[in-house]
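Colleague: Once you've had a glance at the structure underneath, I'll fire off some questions.
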Amino acid sequence: MKLLLAIALMLTIVMWVSTQQPQAVHTYCGRHLARTLADLCWEAGVDKRSDAQYASYGSAWLMPYSEGRGKRGIVDECCLRPCSVDVLLSYC
């Protein structure tokens, strides 16, 4: 009985692992990158950074160094090589 239960458990685990697919990766460049990022961020409920946010840093150019990922990084990660939706969402 224990052997049958162990075999059933192992079969269940093997079937579950085989159905788990890694997240698809694609290359996103230019307008396709901008549109995809805008759509994903909109669906996630993230708004574009406003000018009011820049005011607390003194200059707009200081903001990328203080929080989040810079815009140049997304091209490196998603245009020059494939990236997943999770990586794109990290730039929202």
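All residue numbers here begin at 1 and follow the chain in the order shown.
Each residue, glycine too, has its Cβ placed from N, Cα and C.
Note that the structure is predicted; figures quoted are calculated from it, not measured.
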Colleague: Quick one: which of Cys78, Cys79 does Swiss-Prot link to Cys83 by a disulfide?
Modeller: Cys78
Colleague: Across all the protein chains here, work out how many other Cβ atoms are within 10 Å of the Cβ of Cys83 (disulfide bond).
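Modeller: Excluding its own Cβ, Cys83 (disulfide bond) sees 21 Cβ atoms within 10 Å.
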Colleague: Under 8 Å Cβ to Cβ from Cys78 (disulfide bond), same chain, six or more residues apart: give me those in sequence order, or none if nothing qualifies.
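Modeller: Counting only residues 6 or more apart in sequence, the Cβ neighbours of Cys78 (disulfide bond) under 8 Å are Thr27, Tyr28, Cys29, Leu33, Val87, Leu88.
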